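Asks: Would you mind keeping the following structure in view while I ask a few things?
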Amino acid sequence: MEMVVLVDHAGDPIGVQSKADVHGQSTPRHLAFSCHVVDEQGRLLVTRRALKKRTWPGVWTNSFCGHPAPGETLEDAVSRRAEFELGLSIDHITCAIPNFSYVARDASGIEENEHCPVFIARAVSSLTPNPAEVAEAQWTSSSELKSAIDAAPWAFSPWLVEHFTELQPLIAEHIVEAEDDD
C-alpha cells in the first residue's frame with residue numbers, strides 16, 4: 001500500500017496515510033512534488049496524463065509528479081518517479097520552487113491539497129513512457145508552453161497553470177548551471 005506524508009500548513013510532516021484514502025472530497029494537505037525535465041536543447045518535456053488516472057485524466061501537465069514515501073528524500077522520489085512514469089534517467093535535480101502549495105478540485109469532485117515543491121531536472125536517457133501514467137509526451141520550448149497555457153488554461157493541470165509563471169525564468173538558469181557543471 002502506497003503511503004503519503006501528511007503535512008501542516010508550513011509543509012512540516014505531521015503523519016502518514018494511505019494514498020488511496022488521502023485523495024477524496026476533502027483531502028488533507030500532503031507532500032508531493034512536480035518535476036520539469038529539460039533536454040540537451042533546452043526544451044521542456046510536457047506530458048498528457050493517462051485517461052485512466054483518477055485525477056485530471058487526459059490533461060497536459062509538467063513532465064511528471066509524485067509523492068515521496070515516508071522517509072524518502074524528495075530528490076530520491078523525483079528520480080524514482082522519472083524512471084517509473086517515463087522510463088527516464090535524470091540528473092541535475094534542482095528544487096526551483098520549494099514552497100509551492102495548491103488546492104484544486106477536478107471535474108469528478110476529487111480534491112488535491114498539496115505542499116508540492118517544483119523541481120527541474122535534465123534528461124540523460126531516452127523516454128519510454130508508462131501508458132498507465134502518460135498518454136502522450138512532447139518536447140516544447142518554455143515560451144511555446146507559456147503561450148499554450150495562456151490560450152487554453154483548462155487543457156492543463158491546475159498546478160502547472162499556477163506555478164509556471166514563477167518557474168519560467170528559472171528554467172534557462174537551470175540549463176546554464178547544468179552546462180557549467182559538465
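Each residue, glycine too, has its Cβ placed from N, Cα and C.
Reproduced below are the annotations present in Swiss-Prot:
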- Cys65: active site (ACT_SITE)
- Glu114: active site (ACT_SITE)
- His23, His30, His67, Glu112, Glu114: Mn(2+) binding site (BINDING)
- Cys65, Glu85: Mg(2+) binding site (BINDING)
- 28-162: domain 'Nudix hydrolase' (DOMAIN)
Asks: For the domain 'Nudix hydrolase' (28-162), would you mind checking the mean pLDDT of the predicted model?
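Replies: Across the domain 'Nudix hydrolase' (28-162), the average pLDDT comes out at 96.
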Asks: Using a 10 Å radius around each Cβ and counting other Cβ atoms from all shown chains, which of the binding-site residues His23, His30, His67 yields the largest count?
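Replies: Highest number of other Cβ atoms within 10 Å: His30.
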Asks: From the recorded positions Cys65, Glu85, Glu114, pick the residue whose C-alpha lies nearest to the C-alpha of His30 (Mn(2+) binding site).
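Replies: Given the candidates Cys65, Glu85, Glu114, the nearest one is Glu114.
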Asks: Nearest to His23 (Mn(2+) binding site) by Cα distance: which of the recorded positions Cys65, Glu85, Glu114 is it?
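Replies: Result: the closest of the recorded positions to His23 (Mn(2+) binding site) is Glu114.
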Asks: In three-state terms from DSSP, label His67 (Mn(2+) binding site) for me.
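Replies: Reduced to three states, the DSSP call for His67 (Mn(2+) binding site) is coil.
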Asks: List which of the recorded positions Glu85, Glu112, Glu114 have their Cα within 10 Å of the Cα of Cys65 (active site), in sequence order.
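Replies: So far as Cα distances go, the recorded positions lying within 10 Å of Cys65 (active site) are Glu85.
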Asks: Other than its own, how many Cβ atoms are within 10 Å of the Cβ belonging to Glu85 (Mg(2+) binding site)?
Replies: 24
Asks: With helix taken as DSSP H, G or I, strand as E or B and everything else coil, how many residues of the domain 'Nudix hydrolase' (28-162) land in each class?
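Replies: Going by DSSP assignments, the domain 'Nudix hydrolase' (28-162) contains 31 helix, 51 strand, 53 coil.
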Asks: Between the recorded positions Glu112, Glu114, whose Cβ has more other Cβ atoms within 10 Å than any of the rest?
Replies: Glu114
Asks: Cα distance, Glu114 (active site) to His67 (Mn(2+) binding site), nearest Å?
Replies: 10
